[in-house]
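*Asks:* Structure in structure tokens, see below.
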Amino acid sequence: MKIIFNADDFGISPGAVYGILESYKKGVVKSTTLLANSPAFDLAVEVAKENPGLDIGAHLTLTFGSPLLQGLETLTDDDGRFRKNYTALENGLADVDMGEVERELTAQIKKILGAGLTISHFDTHHSIEPLIYPIQHKLAEKYGVSIRRHADVSDFGAIKTPDLFETAFYADGVSFETIKKIVQAHIGTNDVVEVMTHPAFIDETLREISSYVEPRIKEVSILTSRELQAYLGQQEVEVISFRDL
């Protein structure tokens, strides 16, 4: 089997940037996805350019912060900010202009490309793929990238994806044992499994803007541990990135 440890939320805070960098340089993370509207976007771009082996994707969002474009009336609240989570977006989906969705996601992609980075894959913040999949599919074809294989989406066409997407390494599931269970479920197969991760060093920015905070430093510890790397080697698990699909 092969595993992609993808680090979501690149750029959400300086601590997240450096936590992901640590998990790449000393650990098993080879891919990360960048929030184009994030507070530490410029720092993330700088770090990405200094570490060209780190595979960069776009962490497309309609549920974090503010959009890059103005005038998106069906995607924002009275303060001009996105809805705060999947449920809020889903509940208002009937009123959402999908043209606005496509324009905003395109702007996010173009901002990352315009910063001089190459994108290999797309995923979404708060796993909103099922709500916007036709547009994500269209943009993935347009830009020639891979996408995350969300369980609630079945028709990927010619777009490359991992075979499976594992979300168990999150919150109370952040443990070495969780990764071992994932490996044991697929060992001896040709499956390519993406494991979602959110490593970060905790800082005030992260505390102010994210509800998922404390487990992130534990993720860094596990993803950089010699124990994990030795285990993956013993099980002959190949750690790859989205570039390798």
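Residue positions begin at 1 at the first shown residue.
Placed from the backbone N, Cα and C atoms, the Cβ positions cover glycine too.
The Mg(2+) binding site annotation in Swiss-Prot covers His59, His125 and rests on sequence analysis.
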*Asks:* What's the most sparsely packed of the binding-site residues His59, His125, counting other C-beta atoms within 10 A?
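*Replies:* Output over binding-site residues His59, His125: least Cβ neighbours within 10 Å is His125.
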*Asks:* For His125 (Mg(2+) binding site), name the DSSP secondary structure in the helix/strand/coil scheme.
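*Replies:* Note: His125 (Mg(2+) binding site) is helical by DSSP.
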*Asks:* Check the DSSP secondary structure of His59 (Mg(2+) binding site), expressed as helix, strand or coil.
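*Replies:* Reduced to three states, the DSSP call for His59 (Mg(2+) binding site) is strand.
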